[in-house]
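Written out below as structure tokens is the structure these notes cover.
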Amino acid sequence: MFIVQDYSLAVFFCIVTMLCWGSWGNTQKLAAGSWRFELFYWDYVLGIVLFALLSAITLGSAGTSGRGFVDDMLQADGANIGSALIGGVVFNAANILLGAAIAIAGMSVAFPVGIGLALVIGVIVNYTLSPVGEERLLFGGVALIVVAILLNAYAYRKKMAGTAGGLSTKGLLLSIVSGALMGLFYKYVAASMFPDFTTPLPGKLSPYTAVVFFAIGIFLSNIVFNSLLMRFPFAGKPVTYGAYFDGTLRNHLTGIAGGVIWCIGMSFSIIASGAAGPAISYGLGQGATVIAALWGIFIWKEFKQAPRGTNNILTVMLLLFVIGLGLIIFAR
């Protein structure tokens, strides 16, 4: 299987993760309109499963290093398979709750609370389990990225001033629960794998096999979670399964593309974690929130009509983000 052993290549993979995790949401934006999030999400999950399998069959089976995908899957211990599956279930619950929080409370509440909390919890949990990297640089970088996320939220609130009501308690609670779960899912996937990717351990999973079972966990849990969401949506009217089949080819392909983009990021993050360490790999990846903000600023022109002073806030946000990324990179 293909293994990343060089730290600089691992950092590159983590940056790709950050770009993918910060960009997949554009596909949801492209599919928006009459196409509901619940319907989009079925195709999004399908895209995750398809890329996980493709990656395992190709990169996960190439070369002589590590253990090939099929052999690895056949020898996998039930407990490690279960750990990767749980990671998928936890992630899916977090992602759906985040979508609900955005619908109820808006981006300015859901993202800084949800993703900011996920970043802090995820780095602390993964660093505790595998303390790779210089502590002060790592957590200093995380702190700066959290401040950058909060500045982005503040700029968004300035832009939306006077257009929305008060803070939604329900939306805030959903954001907190989503962030807590999002910060925990990665550790279950990391725990299922053998730590040194060049030295397979009996019963443990390769990074490629782990991502496949993670994706299966998302798919299986989605049958329950998304079905409930369609029946009892947090916002809007209930949606029927029949509505899914009324979608156009573009609707479905856009959702699949979103899942593929997200799973490229997840796969690269897991592959890079062998050389970078889970905490650094996860921390760099979750800088995606600011990448998403940059899409909003420069491509979707979301701040075009923003009040005076907003551009200064966004400039400071970007500066803190870059410095924070630098600290995390040099923490190894």
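From the backbone N, Cα and C atoms, a Cβ is placed for every residue, glycine too.
Annotations in TrEMBL come from automatic prediction, not curation.
Feature annotations, courtesy of TrEMBL:
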- 7-24: transmembrane segment (TRANSMEM)
- 44-63: transmembrane segment (TRANSMEM)
- 96-125: transmembrane segment (TRANSMEM)
- 137-155: transmembrane segment (TRANSMEM)
- 167-188: transmembrane segment (TRANSMEM)
- 208-232: transmembrane segment (TRANSMEM)
- 253-273: transmembrane segment (TRANSMEM)
- 279-300: transmembrane segment (TRANSMEM)
- 312-331: transmembrane segment (TRANSMEM)
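Looking at 7-24, 96-125, 167-188, 312-331, the range that has the most CB pairs within less than 8 A of the transmembrane segment (279-300) turns out to be 7-24. Of the ranges 7-24, 208-232, 253-273, 312-331, the one with the most Cβ pairs under 8 Å to the transmembrane segment (137-155) is 312-331. Contact counts against the transmembrane segment (253-273), taken as Cβ pairs under 8 Å, peak for 7-24 among the stretches 7-24, 208-232, 312-331. With a threshold of 8 Å between CB atoms, the same-chain residues lying at least 6 positions outside the transmembrane segment (312-331) that come near it are 11, 133-135, 137-138, 140-145, 147-148, 151-152, 154-155, 158, 280, 283-284, 287, 290, 293-294, 297, 303.
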